[in-house]
Amino acid sequence: GNSVLSGFNVEFLAHSLNTKEDTAKRLRSPQDERGQIVKVEDGLHIISPELQEEEEQSHSQRKEEEEEEQEQRHRKHSKKEDEDEDEEEEEEREQRHRKHSEKEEEDEDEPRSYETRRKWKKHTAEKKRESHGQGEEEEELEKEEEEEEEIQRQHSKGRKNGLEETICSAKIRENIARPSRGDLYNSGAGRISTVNSLTLPILRNLRLSAEYVLLYRNGIYAPHWNINANSLLYVIRGEGRVRIVNSEGNKVFDDKVSLGQLVVVPQNFVVAQQAGNEEGFEYVVFKTNDRAAVSHVNQVFRATPGEVLANAFGLRHSQVAQIKSNGNRGPLVQPQSQ
């Protein structure tokens, strides 16, 4: 059966993974006809480090012991603390009650909201008019209402256009080509910079992100794929080769691209780029997700247990060690021939 790497030639795959060509051949076309669903004769086991299990067990035991000790200490002190707290709360309640009762006798509480204050003042003014007449009280009430409206306008002025002000003041420009801005770097291969909604929040509204890639001469951006986004590659300088393989291992694109050309890479299609011999290869990738996620083949291999790789691709342990332990630990690769 074919693997997803079947669409890449053996030489390029060996350079990308920094391994020998016979190992690359196994990865490209493993001698295995089992397909995607297999029957396990001796039972299925999950490969996991034993030390990790022991550490988790000891950690859980320590956690349980600490919780028991905390409960015991809590039970010892809770009774006394509850009694003290009850006494203090009772005293505070009595003090508050005395203060409130005295204040209520002197004056009624004034309402806080604008509408209720207005009604309250009208009610007070009506009482005054009944006993003292209407002239001076009405003028005083009108002045107070005008003052209240002015205060209300001042408070609402800052909130009226909050969303528009946020958008107008938002940062809309980011220079991801700046060398100090690089997220991934290989002194012999190049550098990669990304920008998404975490670094430029306005991209959340656009639902877009971008990736800037600069490959030095013969530098390789090893096979990788976008998990949650389609992408559009635009060349801004130099020339390089772009290889695209679909999820069935079939080659769908393998050609050189140069300044001003576009290449569309669908989601979950494996893509790899390599700069030419004469000059570097500089391009930007626009992605249809503001937090696009990328998986790299070489990092997936390094994270996969060696026994799984050996059984899946028919590799010897020495070949597995080449894949997992050799240089070029990031997605940017400098070919060994350089």
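Every residue, even glycine, has its Cβ placed from backbone N, Cα and C.
According to Swiss-Prot, the protein carries these features:
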- 18-44: compositional bias 'Basic and acidic residues' (COMPBIAS)
- 82-92: compositional bias 'Acidic residues' (COMPBIAS)
- 136-150: compositional bias 'Acidic residues' (COMPBIAS)
- 174-321: domain 'Cupin type-1' (DOMAIN)
- 16-162: region 'Disordered' (REGION)
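Residue counts for the domain 'Cupin type-1' (174-321) under DSSP, split into helix (H, G, I), strand (E, B) and coil, are 27 helix, 66 strand, 55 coil. In the predicted model, residues of the domain 'Cupin type-1' (174-321) average a pLDDT of 93. Broken down with DSSP, the compositional bias 'Acidic residues' (136-150) shows 15 helix, 0 strand, 0 coil.
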